[in-house]
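*Asks:* Following this message is one structure expressed as structure tokens.
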Amino acid sequence: MAAVVKRHLPAGGSRVSYSLFAIGIGSLLVGYYNLIKWNRERRRLQIEEMETRIALFPLLQAESDRRTLRLLRENLEEEAKIMKDVPGWKVGESVFHTDRWVPPTSDELYYLRPVSELHNEKFGLQWYV
Amino acid sequence: MPFWDLQDQLGLNVDKWMLHQSSEQPYKRAALCHAFEKEWMECANDIGQIRARKECRIEYEDFQECINRHKTVMRLKTIVAQKKKLIKEGKYTPPEHHSGKPEARP
């Protein structure tokens, strides 16, 4: 038998793989471009949020300070009531020798209240474990 | 006192920043016991250990109290124990806002 039958096939042919590569890499590049734009927009929004917090900070700090002082005052009065009959107890005595203002710990603020309030104060806004 | 004092000679601060809480912190955030440590160090600096133990005892005790809070905890525990005793005897009721309900005002 003679050689191979003449085959009527197109001469050469474009590879599909090149176009697939092009589509893949092209979609990557389009994705990167959109990602970079959106990240820059997110950074601008984040800066705005931080500036809002900075602007409101004195108000929030003042509220927090007022609350701390209120809790300390209430604790002082409760302590006076509780330790009325204990001999030699000085109400509101500071454990430090200095008379500088020492910021109170959260234990000092909430020790007369249910322990759930202390847990709320310490971990209420925490999401990580 | 140091023999070569390389870091001061060369103007570097390679590890002196980590030796105590009162050194300069990033973002200027002071430690909680910054004031106590500063007072103690200013008192006890350059006078030698024997003299420092005698003369700076008060500052040192305040500094240790700030870190460990032993005296604070003991004080709070005695108050809470007395409160429990009074509640058991029926002589003391905690006020209403101590019941754990959420507060209405900040």
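Placement of Cβ uses the backbone N, Cα and C atoms for every residue, glycine included.
Computed from a predicted structure; not experimentally measured.
What TrEMBL shows for this protein is this:
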- B:CYS33-B:CYS66: disulfide bond (DISULFID)
- B:CYS43-B:CYS56: disulfide bond (DISULFID)
- B:87-106: region 'Disordered' (REGION)
*Asks:* In the structure shown, which of the disulfide-bonded residues B:CYS33, B:CYS43, B:CYS56, B:CYS66 has the fewest other Cβ atoms within 10 Å?
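*Replies:* Among the disulfide-bonded residues B:CYS33, B:CYS43, B:CYS56, B:CYS66, the lowest count of other Cβ atoms within 10 Å belongs to B:CYS43.
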*Asks:* Between B:CYS33 (disulfide bond) and B:CYS56 (disulfide bond), what C-alpha distance do you get in Å?
*Replies:* 16
*Asks:* For B:CYS56 (disulfide bond) and B:CYS66 (disulfide bond), what Cα-Cα distance in Å is obtained after rounding to a whole number?
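*Replies:* Distance (Cα to Cα, whole Å): 15 Å.
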*Asks:* For the C-alpha pair, I'd like the distance in angstrom between B:CYS66 (disulfide bond) and B:CYS43 (disulfide bond), rounded off.
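*Replies:* For B:CYS66 (disulfide bond) versus B:CYS43 (disulfide bond), the Cα atoms are 17 Å apart.
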